[in-house]
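Taken verbatim from TrEMBL:
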DOMAIN    210-399  domain 'Major facilitator superfamily (MFS) profile'
TRANSMEM  37-56  transmembrane segment
TRANSMEM  68-89  transmembrane segment
TRANSMEM  95-114  transmembrane segment
TRANSMEM  135-154  transmembrane segment
TRANSMEM  160-179  transmembrane segment
TRANSMEM  216-242  transmembrane segment
TRANSMEM  248-268  transmembrane segment
TRANSMEM  280-298  transmembrane segment
TRANSMEM  304-326  transmembrane segment
TRANSMEM  338-360  transmembrane segment
TRANSMEM  366-389  transmembrane segment
Amino acid sequence: MSGVRLLAAAALARTADSSAGVALVLASLRQSGGPGQGSLVLAVLLVPHLLAGPLVGLVTDRARRPRLVHAGFVAAFGVALGGILALLGRAPQPLVLAVALLAGCCGPMIFGGLSGRLDDVVAAPDRVRVRGLDAATYNVADIFGPVAGAGLVVSVGVPAAAAVIAVSCLCAAGLLLTVRPLPAAPGAPPPAVHGRVSFGEDLRAGFRAIAVSPPLLAVTAATCLATFGNGMLPSIAVLLGVAHGHPAGGGLLVTAVGVGALAGSLAVARWPVRVAAHRVVFGCLAAIGVLLAVVPLVPAWAAVVAVFAVAGLFDGPLFTSVLQVRAEQSPPRVRTQVFTLGAGVKLTAAAAGAAVAAGVVGRPLWVLVLALAGSQLAAAGVGVLLLAVRGRRAAAGPR
């Protein structure tokens with residue numbers, strides 16, 4: 001039951017975060033007449049992820065009772081999100097941005113730390129299936145969060161929306177307090193003791209865990225490049241919709257990807273893939289790249305939507321397998337660090353991709369679509385190449 005409660009808490013917290021993005025922009029429109037303040041706050045929310053991720057993971061890995069750390073970060077995240085919404089347009093901007101930085105520092109727990117907790121509370125035979133369900137919580141948040149955020153602001157107003165988002169995270173924190181680890185197996189080695197190891201050494205150990213594992217390093221590099229491309233997706237989707245005579249069609253394309261990814265994640269949970277997880281990652285990246293590359297050749301709007309949905313279908317097992325690689329290749333002593341660092345790298349890459357997209361929207365549409373497809377194909381190639389090179393060096397050993 002701990003696994004179910006963990007998934008429920010993750011779904012609540014991730015949906016609250018996803019809903020807050022739209023709610024912030026709408027609140028900014030209401031308070032200042034433009035989206036500028038809300039967009040600035042969203043950018044500030046992303047800034048700390050890369051730097052705070054390893055620290056959040058390290059604090060969790062060193063804790064004697066990790067559930068208290070999980071619950072504390074999620075509760076602080078919710079209160080900060082609600083505070084941002086309540087203060088936007090009413091308090092001095094530096095105060096709002098400071099609260100956004102606080103929320104951003106807690107964000108790696110939502111997007112990485114909770115996923116890293118699964119191995120401690122779910123029995124080994126069920127982990128692949130439950131990891132598919134964990135990936136599905138991200139998809140559910142991406143699909144329903146923006147709708148919920150917009151609906152709350154429009155129907156009950158900004159203050160009530162802030163309260164609902166904060167309470168959702170507090171409920172998630174309450175659930176996390178009830179999540180307990182599996183009992184130790186007879187004869188199992190005792191948990192790693194961090195007290196005799198310095199904070200800095202533990203921090204370096206997290207980075208070293210990624211660097212010394214060829215599959216983990218290859219998957220981290222590949223997903224970073226792919227996520228950079230995905231950061232361009234919303235802008236390209238909007239342009240595709242306009243080009244096909246559907247000004248609001250960009251939202252439909254992004255939703256199609258999300259629905260496809262949800263279906264893919266649930267399929268993996270029902271029928272776990274028996275291929276090595278890193279191979280699934282590279283194969284799915286290549287498949288997504290090929291699908292997106294044919295989009296400029298597709299004349300019918302319905303067919304474009306279908307292609308995006310099928311691409312999303314591959315994203316489900318892709319993300320599930322990324323989580324699986326992190327779990328399999330990271331030592332238990334630094335597992336949460338690996339998850340939070342990986343999440344921070346991906347979010348930073350996505351933000352960079354979005355910034356690049358804003359600067360190249362004047363290019364021909366087919367060039368932008370092929371750039372998006374190329375990022376996925378290049379990610380697959382980089383992953384395969386890096387795995388081969390590092391794997392060969394690891395096999396050769398020190399000279």
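Cβ from N, Cα, C; glycine included.
Under the criterion of 3 or more C-beta pairs below 8 Å, with sequence separation of 6 or more, the transmembrane segment (248-268) and the transmembrane segment (68-89) do not qualify as touching, having fewer than 3 such pairs. Mean predicted confidence for the domain 'Major facilitator superfamily (MFS) profile' (210-399): the pLDDT average there is 90.
Here the listed stretches are 37-56, 68-89, 95-114, 160-179, and the one with the most C-beta pairs under 8 angstroms to the transmembrane segment (135-154) is 160-179. Panel annotation: around the transmembrane segment (95-114), residues 6, 9-10, 13-14, 17, 37, 40-41, 44-49, 52-53, 56-57, 60, 70, 73-74, 76-77, 80-81, 83-84, 87-88, 134, 138, 176, 336, 339-344, 347 of the same chain, lying at least six beyond its termini, place a Cβ under 8 Å from a Cβ of the stretch. Counting only same-chain residues 6+ beyond the ends of the transmembrane segment (37-56), those with a CB under 8 A from a CB of the stretch are 21, 24-29, 31, 73, 84, 88-89, 93, 96-97, 100-101, 103-109, 111-113, 203, 206-207, 336-337, 340-341, 343-345, 347-348, 351.
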